[in-house]
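Chemist: So Swiss-Prot lists the following for this protein:
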BINDING   R49, V50, H51, S52, E53, Q70, E92, G93, R94, T114, T149, K154  GTP binding site
BINDING   C54, C65, C67  Zn(2+) binding site
ACT_SITE  D126  active site, proton acceptor
ACT_SITE  R128  active site, nucleophile
Amino acid sequence: MQLKRVAEAKLPTPWGDFLMVGFEELATGQDHVALVFGDISGTEPVLARVHSECLTGDALFSLRCDCGFQLEAALSHIAEAGRGVLLYHRQEGRNIGLLNKIRAYALQDQGYDTVEANHQLGFAADERDFTLCADMFKLLGVDEVRLLTNNPRKVEILTEAGINIVERVPLIVGRNPKNEHYLDTKAAKMGHLLSGN
């Protein structure tokens, strides 16, 4: 295990009451959070989302991405299903950090796409490591997942890490004139499955 379960408390939201579970990475001390809705024990696959931290989209309502829209839609879908988990993965800006994300935004303002901007800053298109999320699922007792994602890479990495993904559930929300190029780039260059949005 790369992390430990540290604390938990109720978290009332507009979609209902979740249990917020805090985790800490053993090597770095970095914290991550799971939001659990309903009873996730048992043998039925759990509806789940691995959501990477996005301060600009999740908290500041940015229209540059679809992250905030996906966060809200995932919580709504989980609550409607009556049970599920959202892992809030603290890897801001596809794990380049907030300040580098702002630098990448500045490059995008100059005409670079999201992948080119990361490359200009010396990063891969996506620096995230989802293997930690498999440990979070395991610590929550979740083995089988219906994963809310448009990113096939998440499915592959979680499967390789021992989580049985029985279904990929599309989460296509939030397209607008400010993020069309960003979403088109994610589909064309990063393999995200965004048809229908």
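Glycine is no exception: its Cβ is also placed from the backbone N, Cα and C atoms.
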Chemist: Of all the binding-site residues given, namely R49, H51, C67, T149, which is spatially nearest to the residue listed as 'active site, nucleophile' at the Cα level?
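Modeler: For the residue listed as 'active site, nucleophile', the spatially nearest of the binding-site residues is H51.
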Chemist: Measure from the CA atom of C65 (Zn(2+) binding site) to the CA atom of H51 (GTP binding site) and give the result in Å, rounded to a whole number.
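Modeler: Just about 13 Å between their Cα atoms.
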Chemist: Using Cα-Cα distances with a 10 Å cut-off, which of the recorded positions E92, R94, D126, T149 are near C54 (Zn(2+) binding site)?
Modeler: E92, R94
Chemist: According to DSSP, which of helix, strand or coil covers R128 (active site, nucleophile)?
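Modeler: The residue in question, R128 (active site, nucleophile), is coil (DSSP, three-state).
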Chemist: Highest CB neighbour count within 10 A among the recorded positions R49, H51, R94, R128?
Modeler: R49
Chemist: Can you tell me which of the recorded positions C65, C67, D126 is spatially closest to T149 (GTP binding site)? Compare CA atoms only.
Modeler: C67
Chemist: Roughly how many Å lie between the Cα atoms of E53 (GTP binding site) and C67 (Zn(2+) binding site), rounded to a whole value?
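Modeler: Computed Cα spacing between E53 (GTP binding site) and C67 (Zn(2+) binding site) is 8 Å.
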Chemist: Please report the distance from the Cα of C67 (Zn(2+) binding site) to the Cα of the residue listed as 'active site, proton acceptor', rounded to the nearest angstrom.
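Modeler: The residue listed as 'active site, proton acceptor' has its Cα 15 Å from the Cα of C67 (Zn(2+) binding site).
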Chemist: Could you tell me the maximum Cα-Cα distance in Å between the residues recorded as binding GTP, namely R49, V50, H51, S52, E53, Q70, E92, G93, R94, T114, T149, K154, rounded to a whole number?
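Modeler: With R49, V50, H51, S52, E53, Q70, E92, G93, R94, T114, T149, K154 as the binding residues for GTP, the largest Cα distance is 23 Å.
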